[in-house]
């Protein structure tokens, strides 16, 4: 199916090419020889390679401290049990935002100043993103948080680096409706959790999630919405403009879930790692806030821990009227996280993933149809989908196909209203192709029965020369969404 692009063999998402560690992973031996405090945590395995015990919080914290000092000239510390970030991974997110800001997909609107300004949602005791962004790229930051320990230590980490302290403001989030004391958690707030290996590689202190007030409700499947402190609305001041926001949301719904299979210890408190509804509810609130703030930010971004959440969040963002959505994959060791970014500014270019743009045949499966829904019903829906678009559409019931012709103007208007979710290898196409360069587009959509309840829908472009690359894929992806929502929603 479209959208579930698999990597070719031998091809894998890697560390960002500008990341200091992309070709030079941290050298534990070297660091142990330079830092006597780190040396006790390093041991050598059978093959002679230096290692540390990832399940030892003191070891992971000391590694982060020496890397920030050795490679970035930063003085840094966090108290016991607070969520400890890994430096190479945090750098990936910073460099991806750098790519977003330097691309011309969204025109640069703050041309009056050269310094980018970011907002770090839930900066934590570690304040890692402002420290890296300011030291690597000279960016300005507001880092927000609401617990006393996070605010105190984030401030300490900023002040202990006077060469960049002017660039970073730590801002307290006022708790409008904190959870009442009667709504106690099964786990006492502040109990330290173990992170799973997934969370270690991407688990920045995300202390914006509260101790879940709706803990008991949640288990009965009610109240999955976000009920914590303000995120952007109520924290961003009137008239403030930012180039981006960034966030590592609380990835978990309960502290028990956060503690499953602990292969690493990065510490982490309930407030940092848990919120009702997990990351999905949290990022949905960022999306809601972005609708209110709109062009106050050039880019809204967040880290996403689960690919299943990513698809749902992308469709929510399109629904609220964003002009562009971008995603990326962050890989660190065995861990995958995704970056999600969107904007409400008018996009200067339209984006189509290049692996799709050059194809002239596309297909997807419709699975889970009910008995009374036949291939013919699906074909009729295909025909009406194109008719509603204004295209000429002819159903051939003998060969189970629909022939379609779209005019040049229809192709152009589809591209103007649709913006594809891009990957790093994108073809950029101008939103306004000169009309004289456009031709009519002819395509054929066929439906094949696979097994009972499953149909294969195939689209074939009937001409070799496509006037504008990507129109076909945009149309076909829309068709896929329409058919899936019509025939499959509510059936599973």
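Backbone N, Cα and C define each Cβ position, glycine as well.
Caution: TrEMBL annotation is automatic and unverified by curators.
TrEMBL assigns the feature region 'Disordered' to one of the listed ranges (1-25, 26-50), namely 1-25.
Using a 10 Å radius centred on the Cβ of residue 122 (S-adenosyl-L-methionine binding site) and all shown protein chains, the other Cβ atoms total 30.
Of all residue pairs in the S-adenosyl-L-methionine-binding list (90, 122, 145, 248), the one with the greatest Cα separation is 18 Å apart.
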